[in-house]
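Engineer: One structure follows; several queries about it will come next.
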Amino acid sequence: MKQNSRLATEIAGIKMKTPVMTASGTFGFGEEFSEFVDLNQIGAIVVKGTTLKPRSGNTGVRIAETPSGMLNCIGLENPGIEYFLTDILPRISHYDAPIIVNISGSSVEEYGILAKKLDIPEIAAIELNISCPNVKEGGIIFGTDPLSAAAVVKEAKKNTKKPVIAKLSPNVTDIVVMAKAVEEAGADVISMINTLLGMAININSWKPVLGNVTGGLSGPAVKPIALRMVWQVAQAVHIPIIGMGGIMKAEDAIEFFLAGASAVAVGTANFVNPSAAEDVAKGIIKYLEKKNVEHISQLVGQLKCN
Amino acid sequence: MPKIAMDVVVLENKHLSDDVKELIVYAPDIAKQAMPGQFVHLKVIKSEPLLRRPISIASVDEAKGTLSLIYRIVGKGTAAIADLKAENQVNCLGPLGHGFDLTCKRPLLIGGGMGIAPLIFLAQRLCPATTSILMGGRNKAELFWQKRYEGLVNEIFITTDDGSLGVKGFTVTLLPELLKTKQYDRIFVCGPEIMMAGVAKIAQSHGVACQVSLEKHMACGLGACLSCTCESKDGSKRKKVCKDGPVFWAQEVF
């Protein structure tokens, strides 16, 4: 895919050839997909959630398919920040796609330490995972309380000059409260939504399907909820939004732009179609050409409710 | 050679038993690259089920450009695959994973249940005069595989849980005797995890190198989602069944 002027996007200083990124946890470190997508052409690579120490994740069954979606309870398995910096980053930093690192801490301080370690030229931005539903400490605890969320954002901002993206959890009563809290704390961008907490039961064994009992729901099943939340938050904040949740094809992505997202991320779709990030971008170009729209930004928040 | 995700044509999808079917697809590029022990990740081209299903490659016909995929119908995913008819298309991603190490002289293949399927492809790539297979199943009806191995192996040993065919018991019941009387220099095992762990233990005590083929739920098949990782027993990092495996040396994972 050649660079297309209709798609070039910049949010909070992150320059991207297309506004189609990959969602953390669904695209490994990018290199796993290098045979299927041109990593020089996608919007950005958001790498697997990274923690200070290596984590082995949850035991037992980690995924289950559900109607139009899937549950996962991986539990933040990752090799740790040091291994990422020394072994993985040198292998992927030569690609044109900006690298955004998703970080997860078990304390406010840990987010600061991680942010500082990533304040290096190879990294384009930092995404704060305050919404992982599958770990006991950290993650979602910070994402369901506005004061904790704000504290994490402030700590990260204090420790890095990189743009800070706060990834919001949908597992809250009012996501607008959370969005406003992270905006006020200094977040440069909001990404939303993380997975919805769910579960599945095996009626033969009377046991949960997932090893961790509950897991995060993603895929087309969550798209209506994600869209509604992006639309609500877009009216309430002034910082850009990266919209995600069940985007499988260009038409899904366009809905997110109309709802108010400035960029989108494909997640579960990568598991089904490893070329999804590129295919969605190509589809958006076709749509813009057909609609005679010069640039993707002209769609952002253009939903007509009356 | 790069991995491929492409729509391929179904040539045949026939029952081998009540709940086991064989799907034959025309996929010359994948057939050319495939190695025994590798798998393909199938996506039925309709909205449901959402995710792909990993199916081991049971055999390859390079001349015809076809892959044989033998599977048991266990859930919605395999039921959807079972519905495919000749001339339908299915999206096929592969070949994926790392297969068996073929550098051996007198191998014994051990298959349990559906684990017998991928060993056909393995036997195709080994020398028939020096290769044997030990297959185990619950009963005679489950062991319809002998014809498939005609001309591919020198000896076939059979065990059934109920004694309706071959020796009564499990593959591990017969294995120690086989290792005592025959001169195997490699064991390849594919089947239920508990059986593979048992075989690995016996192989180790007899000093025979053993490779196992693991099966796990997986989403991407490319090493990204981490749904299928398992603990390694050799002190190294966690293993990705889809990418580091599905075939491992026994001591890596048991």
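Cβ coordinates come from backbone N, Cα and C, glycine included.
Unlike curated records, TrEMBL annotations are generated automatically.
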Engineer: Of the candidates A:ILE74, A:ILE193, which one does TrEMBL list alongside A:SER24, A:LYS48, A:GLY49, A:ASN102, A:ASN129, A:LYS167, A:GLY219, A:GLY245, A:GLY246, A:GLY267, A:THR268 as binding FMN?
Structural biologist: A:ILE193
Engineer: Please report the number of other Cβ atoms within 10 Å of the Cβ of A:LYS48 (substrate binding site).
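Structural biologist: A 10 Å sphere around the Cβ of A:LYS48 (substrate binding site) contains 24 other Cβ atoms.
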Engineer: Using the alpha carbons only, what distance in Å do you get between A:GLY267 (FMN binding site) and A:CYS73 (substrate binding site) once rounded?
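Structural biologist: Counting only the Cα atoms, the answer is 15 Å.
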Engineer: Please average pLDDT over the domain 'Dihydroorotate dehydrogenase catalytic' (A:7-288) for the predicted structure.
Structural biologist: 95
Engineer: Neighbour count, 10 Å Cβ-Cβ cut-off, for A:GLY267 (FMN binding site): what number do you get?
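Structural biologist: Cβ-Cβ neighbours of A:GLY267 (FMN binding site) within 10 Å number 25.
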Engineer: State the Cα to Cα distance, in Å, between A:SER24 (FMN binding site) and A:GLY75 (substrate binding site), rounded to an integer.
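Structural biologist: With distance taken Cα to Cα, A:GLY75 (substrate binding site) is 13 Å from A:SER24 (FMN binding site).
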Engineer: Please report how many Å separate the Cα atom of A:GLY75 (substrate binding site) from that of A:ASN129 (FMN binding site), as a whole number.
Structural biologist: 12
Engineer: What binding-site residues in the list A:GLY49, A:ASN129, A:GLY245 lie within 10 angstroms of A:THR195 (substrate binding site), counting C-alpha atoms?
Structural biologist: A:GLY245
